[in-house]
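As given in TrEMBL:
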{"type": "REPEAT", "residues": "10-104", "note": "repeat 'Solcar'"}
{"type": "REPEAT", "residues": "114-205", "note": "repeat 'Solcar'"}
{"type": "REPEAT", "residues": "214-297", "note": "repeat 'Solcar'"}
{"type": "TRANSMEM", "residues": "216-237", "note": "transmembrane segment"}
């Protein structure tokens, strides 16, 4: 006899496809903001004769304007191909694995609301697993985005994303593709937990409020909150990750952290906070809205005997 309460199902492969598509679409919409964030994070203080500092990039809009003026509009889209490579692999895995891992942690027979700490643990694990696979794409993306800060007259290191992969392997070895893996695992595990667990929890909470349901407004509010939590929690490790990937002078994660702290102070770890939030907030809203809509194509009811 069939169960009167059918279960809604979607396979891992279908979830992966939906997640990869949503992540790539969000990436296309927000690459200029991410480029501005990386440039601000890589920027160091420039001492002048009178003791003042004259940063090249100032604020989100100022950075976007400077890049567009000096490098053309296309400069805002540096690393877009590598960014799509990254989101297809990383976005698909971290989101696609989240539900299966969450179910594994609580057990398939679990009934009721899953505790927040289980959601956080599931997102930490999927974020770490996904970025271990996708680290080369993240490295190439940051390298290409940082190209514009090279001094005038210095030739570009890479002709594009594919050339960057081959050049890095040829000049630095295969292991170089996993440069910055330590801080990248820390950053992406933390940010993934902040994004997915907070989105999951906030969406669940909003849906219990009278008048709200599984609607576009709910997805928008939960996505925006997820982006804010992700930036607040993940900004310090994000700065260290960007610097290690964009500059090979650091020996390791601790060396990068200490040198940054010593020369620029604690606020250096929140460089690019506004463009980072603008980017992640927008990215999460676009990604989750797209994901929720695309998943409806694959969702199906399964009647249990």
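Here the Cβ of each residue, glycine as well, is placed from N, Cα and C on the backbone.
Here the structure is a predicted model, which means the values were calculated and not measured.
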For the transmembrane segment (216-237), distant same-chain residues with Cβ under 8 A (at least six beyond the ends): 183, 186-187, 190-191, 194-196, 198-199, 202-203, 206-207, 269-270, 272-273, 276-277, 280-289, 292
Structural state census, the repeat 'Solcar' (10-104) (DSSP three-state): 73 helix, 2 strand, 20 coil
Secondary structure content of the repeat 'Solcar' (214-297), with strand meaning DSSP E or B: 73 helix, 0 strand, 11 coil
Mean predicted confidence [pLDDT] for the repeat 'Solcar' (10-104): 82
Tally of residues which DSSP labels helix, strand or coil - the repeat 'Solcar' (114-205): 75 helix, 0 strand, 17 coil
